[in-house]
Amino acid sequence: MIRQRRRALTPEQQQEMGQQAATRMMTYPPVVMAHTVAVFLSFDGELDTQPLIEQLWRAGKRVYLPVLHPFSAGNLLFLNYHPQSELVMNRLKIHEPKLDVRDVLPLSRLDVLITPLVAFDEYGQRLGMGGGFYDRTLQNWQHYKTQPVGYAHDCQLVEKLPVEEWDIPLPAVVTPSKVWEW
């Protein structure tokens with residue numbers, strides 16, 4: 001149902017909301033202070049990350065994208081992403097940078113990790129796509145200096161999500177109209 005809501009947005013609405021959210025994210029203090037920021041390439045009606053990526057580049061931030069780990073199933077690597085990066089389609093039909101070990105940045109060296117989500121609630125819980133990739137990535141985020149933040153449309157807010165023991169709540173979510181912090 002939430003995916004249908006975001007898919008129902010017109011291209012013009014998507015573009016406008018992507019710009020609004022990017023502007024809001026660029027004023028979020030952890031992003032302002034960051035040197036390295038991991039983000040994702042949006043698909044399936046997700047909040048458009050292209051305006052954010054372009055603003056991050058203009059601000060001199062190093063941008064990283066998630067890549068499915070080739071040897072450790074269910075885990076992510078983060079590779080440097082720049083305008084000349086070669087993208088390939090992964091097994092989930094999502095574009096990611098072509099794997100080059102020289103471009104990998106350890107999670108502990110990421111300042112901010114911007115996460116996709118299907119839905120979030122007023123308590124910071126996020127509902128992902130079901131693969132558990134970000135739950136595994138975020139399970140020990142407090143031990144790193146990495147600051148996670150969700151990135152979503154306003155229409156992805158729900159009253160309360162069911163919580164499983166492996167679910168990792170987010171300390172913040174940025175939408176086109178608001179920064180939610182817990």
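All positions are counted from 1 along the displayed chain.
Backbone N, Cα and C define each Cβ position, glycine as well.
Among the candidates D48, D167, the one that Swiss-Prot lists alongside G128, M129, G130, G131, G132, F133, Y134, D135 as binding ATP is D167. Following the DSSP three-state reduction, the secondary structure of G130 (ATP binding site) is coil. Same-chain residues with CB within 8 A of the center of the G128, M129, G130, G131, G132, F133, Y134, D135, D167 CB atoms, the ATP site residues themselves not counted, are R136. In terms of local Cβ density within 10 Å, G128 ranks first among the binding-site residues G128, G130.
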